[in-house]
Amino acid sequence: MNAIGRHRGLARIWAGEPGLRGVFSAVSHTDIGKRFIIASAIFFAIAGVLAMLIRAQLATSHSAFVGPEAYAQIFTMHGSIMMFLFAIPMLEGVAIYLLPKLLGSRDLAFPRLTALGWWCYLFGGSIMVGSLLVGLAPNAGWFLYPPLSGPEYTPGVNSDVWLLGVTFVEISAMCAAIEIVVTILKFRAKGMRLDRMPIYAWYILATAGMMIFGFPPLILGSILLEIERAFGWPFFDPELGGSPLLWQHLFWLFGHPEVYIIFLPAAGAISTIIPVMARTKLIGYGAIVASVMALAFLSFGLWVHHMFTTGIPHMALGFFSAASVLVAIPTSIQIFAWLGTLWAGRPKLELPMLYLLGFFFVFILGGLTGVMLAIVPFNQQAHDTAFVTAHLHYVLAGGFVFPMLAAAYYWMPHVTGRLRVMRIGEAAFWLIFIGFNITFFGMHLTGLLGMPRRVYTYPAEAGWDWLNLVSSIGGFLQAFGFALFALDIALQAWLGRPARRNPWGAGTLEWTMMTPPPAYNFASLPEVECREPLGARGTLAADLARGEGLLAAPRNGWRETLAVDIASGKPDHVAILPGPSLLPVAAAASFGGFFAMMLLSLYWIAPLFLVAVTVVIWLWASTNGSREPVGPLEIGDGTTVPSHYEAQGTVGYWGSVFALCASGTLFGSLIFGFAYLWTVAPHWPPQTGLDAPLFETGLIVAGALAAAIFVRLALPRTGNGEGRLYLAIAGMGLTLLVLASLPVLRLPAPTDHAFGAVSTTLVAYGLFHAMVATLILAFMMVRKRQGFVAHGRPQEMRVATLWVDYAAGTAIVVALVLVLAAWGV
Amino acid sequence: MDPAGPSAAAIADLWWWMLAGSVLLSGLVFVILFLAFRRAGRAERSDAPSEKLWLGWLGLAMPVVVLLALLTYALHLGGRILPGPDAPDLTVEVTAYNWGWSFRYPDGRVSERVLHIPADAKIDLVISATDVIHSFWVPRLAGKMDAIPGHVNELRIEADRPGTFAGVCAEYCGIGHVDHDFQVIAHDGESWQDFLENRE
Ligand SMILES: [Cu+2]
């Protein structure tokens, strides 16, 4: 087969569906990645317009043209959109687009999950922006502190829009995070050991891992606050044993890692681009990987530094202050690795490099003011002033926007296959760079002069007029710069001359494919012996096109890609990926129906949509698997490996592992909340206690153990384990029923005191997983009868065992926590 | 900044030190960048980059030293600002609400939106709120402290001269936030006696 024939064959297999249907059924990571990038750029523009309104409002002390209510919505939405609808989706989009191409894979691990994430993001973002148009947008600041955001002080739907919209978008982020981690671990080129991965993959691995552990606290907080608003369960109400500080802990448990979640992918792009611009290799690969991991780890110890003024004890303050300062070290190691690389190479001032110089300038200043803010006494002075606003814009624009602009220019020839048209990019850079510094440099001073954040006007006597006017002028300069950048990108996409392949002379795999990239990425999959395979072998692109790599021959119309052993990168099995599907958009629409009903307070209709979600997921799972044995497959290097139907440790298994990690983090945060309220909130212990539910606990433990044991016994009996599967279902069903009886028969009313509210929520959590496990066991029964679970194909049973074990474990923990709580009262 | 109390003055000192350090460090980075690009245009170089120099000394050792010094200084300072073991000269209960401030003195009197204190004395404030979260901040006297419903926080302030100091709410608390301000009047000995005897 020649290169043209191979291209035709693969293109037919990997093509999306035509027309309108194709818009909704697309699953290709290249398409979805581009959609994420474009949508988040649009949200950036919307948030930018809001910023312009803020600057127009504050330009002088008497220019107020909106009142305090509209202003509150504007600044709340500016922050919320930038954080949740621009920064996170943008980094996800870039990772979704780039990762398989950098790793030598044909797609991500779960193509339909990519699409689900996209639709959840689009629907959730639309709800939030739509609320702005009708004047009901969130208005309590982007971190939504209760009681201000609670039912009493924000009776309208404003806070609900935020809680539901952001949670919807977070579902999208969780999908992306799980998918990214599994892809990096399993879908790599043959021979790409962990220490041969492109540095960007390490950054994204750390980022996605942080998302898996960092987002659940916020999701939990949002659920609790929404329940408080909808049903009056007093989690955050100090009159009834709640505490507003619980929200702050949950929010910043997410919010601090969030800063690094945004910074690390950008730093990954920097580490990729700088060596190419300097025409050399990155120095200190190992040190950088170590500092990225250290940063990811440390960032979870820092959340309290956003709460220095909430009356935390001095010693704790000292500890968190030290930890906050400590993160400067891994950051500094990376910065000097980049400087050293530039020093060692022969850097050329190409356009991406120009934007990276902007990054250095802005980010260094932001980082230094960050160290200042980590120092407690200074923080107490500068907290919640324009100084903090200036600092966070320096960090986020320096640490994310400038690197992303550089990345845009660096990878545009890859996305479009074209070169840029005129030197508009330089003009855009200077407008953005100068405008940015004019806007925000002065705000440090305005803050030190005492101007607080979030005021819609200020007295003329305060003397802040001229600084604010300068900031506003700078803001509008920036806006022109971004408009020019958008124009430049559009011109490049439409009018640019075709670029030759690999225009920057890079060494990584994404430049071995045609540009713009074909749907299948690689005509044949590369084998890798170093970190820069293309740099080591200049002819690699042509060799792969000729079919000298792996999985070169189209087979059975399958979408094949290689899955490798996690550490060594040895071929493990061939993954056959699903094609276009309408299931993701159906699932997202069902979720959307649920969120919309919650928003309209139609609480009795909302669960119907969750039933719809369940049905869609059932159908989704039904499309997997194979009824017939597939047998070993040739991969093209003379060896054979099994297909994923008959392999162990498939992406489905790892996906479940990380999904359960995320759920476990949410569960852990809930237990933390229980302990926190118990020890810190006023009005504890509660008036009405709880008799220890010992009898129920016995039943729960028995049912849970039975389920875990019998699902194991059914596992090897792939022929006729049905009886054992029935027993597993009976055990899980018993656990489920007993858990469901607890709120009715035992627990105090959830509306009277936070004790009842939290314990009922704990039971609801256990109940949720027991229901999921029961459904999965029922599904296994069907799959067994249909022949999908059979001898040699036990993979689905392994995944089911994972979920049953988790449900059993959490049910037991929930019961024990209740017993302890009963004794404690 | 125009500090009028020992705490705010100490913070101002800290700020000038940190500013000087920041200027030096960022200057170093910018000079390296500039030289790297200047070098690029000149003759061939054979020296391999020294990871020990770039990562070990510049990347690791330098920030460790700088940050340790800063932390020691700041912890020491932080201990001085918080209410110490020495008893305060006066304790006032501060309650924030939408949108006002009330100050309750040991003798049971309450003043609205104006906090009266004697100058040159250690004052402990016991701060809480009745509705949403606010934050007590008098920029010229001390750092801020949140007023949180259901929780009680303490803050020590001290004015080293008589005068009137503006205070604001530093946590967004709803549409009246912008006007949620108050005044601190530090009295000299005589007028403090007048205040105590309720003659003002
Ligand atoms: Cu206030």
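Including glycine, each Cβ sits where the backbone N, Cα and C put it.
Feature annotation from TrEMBL assigns domain 'Cytochrome oxidase subunit I profile' to A:8-529. Feature annotation from TrEMBL assigns transmembrane segment to A:36-54, A:74-99, A:282-304, A:316-342, A:354-378, A:424-446, A:466-491, A:574-596, A:602-621, A:724-742, A:762-782, A:803-823 (among others).
Counting same-chain residues at least six beyond the ends of the transmembrane segment (A:424-446), those with a Cβ under 8 angstroms from any Cβ of the stretch are 55, 351, 354-355, 358, 361-362, 369, 385-387, 389-391, 393-394, 397, 405, 409, 464, 467-468, 470-482, 484-485, 487-488, 491. Through the fold, the transmembrane segment (A:74-99) approaches residues 29-30, 32-37, 39-41, 43-44, 46-47, 50-51, 53-54, 57, 66, 105, 108, 114, 117, 121, 125, 128-129, 132, 137-142, 144, 162, 166, 169-170, 172-173, 176, 180, 183-184, 200-201, 204, 207-208, 258, 261-262, 265-266, 269, 396, 400, 404, 407, 411, 415, 454, 510 of its own chain, all at least 6 residues removed from its boundaries and within a Cβ separation under 8 Å. With a cut-off of 8 Å on Cβ pairs spaced 6 or more residues apart, the transmembrane segment (A:602-621) and the transmembrane segment (A:574-596) reach 3 or more such pairs and are scored as touching. Non-local neighbours of the transmembrane segment (A:466-491) in the same chain are 41, 45, 48, 51-52, 55-56, 58-61, 405, 408, 412, 420-422, 424-425, 427-440, 442-443, 445-446, 449, 458; each lies 6+ residues outside the stretch with a CB under 8 Å from one of its CB atoms. If you look at the transmembrane segment (A:354-378) against the transmembrane segment (A:316-342), you find at least three C-beta pairs under 8 angstroms, all six or more positions apart, and that counts as contact. Remote same-chain residues near the transmembrane segment (A:574-596) are listed as 16-17, 21-22, 24-27, 106-107, 109, 111-113, 115-116, 118-120, 122-124, 127, 164-165, 167-168, 171, 186-187, 551, 558-563, 606-610, 612-613, 616-617, 619-620, 623-624, 633, 635, 641-645, 650-651 (criterion: CB distance under 8 Å, separation of at least six residues from the stretch ends). Within the chain carrying the transmembrane segment (A:316-342), a Cβ under 8 angstroms from the stretch's Cβ atoms is held by residues 260, 267, 270-271, 274-275, 277-278, 280-284, 287-288, 290-292, 294-295, 298-299, 301-302, 304-305, 308, 360, 364, 367, 370-371, 374-376, all 6 or more beyond its ends.
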